[in-house]
Amino acid sequence: MLLAYICRSFYTIAAVSAIFFEAFPDFRSTFIHYGKVKLTSESAPEVEPETKEGSKSTTKRSLETKPQKEIKKNNVSSSLLKVFDITVSKNKFTYFYIIGTMVSSLLLQQLLKLENANSGELYEVEPPFIDFWKFLECKYSPLKAQYTSVLSSNNISLCDPFVDPLFKVSIYILGLYTIHLFLRMYETTLLQPFSPAKIHVGHFITGIIFYILTPFAVFVDGIYKNGNPPSSNTVVLLLSSTLFFYSVYKRYKLHCILYELKKSTVCASAAKKGEIELYNIPTGEWFNLISSPHYLAEILMYFSLFVMAGGNSVTFMTLLFWVVTNLTISAIETHKWYKQKFGSKYPSQRYAIFPYIC
């Protein structure tokens, strides 16, 4: 289960790192903030504190109120963080879905070929990638002894880490995830308006790795002999499939609201210069209750696949842990940004991402 362990390690490290960065303001603004939140925080001018008489104090006076050691320490800390504050355009989100779609589509094609080979289809042989995957598992996996059997007749060792035949539900799960990626690629390339906003390069690299590994993670525990088989309950599959298509559709509708809002509120002069966009308060659908309902729809989509995968896949649990952690943190930061930007105009009854919870 070499690949499963790689996926689990990545999701766990990513989630724990996000929680750590969120806990400290300096790290939060550098590594967590992205999009409009990062763009606005970077462009906002510093406000000088006011004296009791109501006049603004000078920079010199404000510096005098702080111990010199503390000022120097803060300056060093800020300088170090600025070194790591390397950003790329948020429009590069498209690369996530292009790469993810390519990986998922090719992997789906390889699994279908493997299924045909296992079912005895004429002239079908195991695809090269599957052979290479088996080689890595039999050579480097810590559980390779469980995959090896010895033929008593001529003492030949055979290693095969995968179930035979493959669970068709595993292929079905990957197929659904591929549909999700195709739709997101369509949205980001054709529907999403251009944005001058930025994301941290670490965020970008994490996203690339995520969309390379996740097509494997959604089914990987079900392909191993010592893994966890996906659900075989017809009712569970029907309900989870319904939730999948509903959440994908709902997320698409919510994204369209944001796209139309951006198109109608981009300042013409700012757009030409590639500067800050104007934002309005999104309304309609789930936006009337929460600030980032598209994130909630995304979580529901992954949860539906998790249920199809059997609900006991350790790899999928770590994947879901990362998705929930990442999107919850992003939603909380977005919620703060809305309240800070719009003040009393922003609906007070709205939650960040989970209705009546947070």
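In case you wondered, yes, glycine gets a Cβ from its N, Cα and C as well.
The feature compositional bias 'Basic and acidic residues' is assigned by TrEMBL to 49-68.
Look at the domain '3-oxo-5-alpha-steroid 4-dehydrogenase C-terminal' (232-357): DSSP puts its residues at 90 helix, 2 strand, 34 coil. The domain '3-oxo-5-alpha-steroid 4-dehydrogenase C-terminal' annotation in TrEMBL covers 232-357.
Taken from TrEMBL, the feature region 'Disordered' applies to 45-68.
Marked as transmembrane segment by TrEMBL: 94-112 (among others). Panel annotation: around the transmembrane segment (94-112), residues 127, 129-130, 166, 170-171, 174-175, 177-178, 181-182, 184-185, 188-189, 192, 207-208, 210-212, 214-216 of the same chain, lying at least six beyond its termini, place a Cβ under 8 Å from a Cβ of the stretch.
According to TrEMBL, the feature transmembrane segment maps to 165-183 (among others). Sequence-distant contacts of the transmembrane segment (165-183) (same chain, six or more residues past either end, CB-CB distance under 8 Å): 97, 100-101, 104-105, 107-108, 111-112, 114-115, 118-119, 211, 214-215, 218-219, 222-223, 229-232, 237, 241, 244, 248, 252, 301, 305, 308-309.
Feature annotation from TrEMBL assigns transmembrane segment to 204-224 (among others). Proximity of distant same-chain residues to the transmembrane segment (204-224), defined by a Cβ-Cβ separation under 8 Å and at least 6 residues beyond the stretch ends, is recorded for 1, 3-4, 6-7, 10-11, 14, 88, 92-93, 95-97, 99-100, 103-104, 107-108, 161-163, 166-167, 169-171, 173-174, 177-178, 181, 230, 305, 309-310, 313-316, 319, 322.
The feature transmembrane segment is assigned by TrEMBL to 230-249 (among others).
Residues or ranges marked as transmembrane segment by TrEMBL: 299-324 (among others).
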Sequence-remote partners of the transmembrane segment (299-324) [C-beta within less than 8 Å, at least six residues beyond its ends] = 4, 7-8, 11-12, 14-15, 18, 169-170, 172-173, 176-177, 180, 210, 214, 217-222, 227-231, 236-237, 239-241, 243-244, 246-248, 250-251
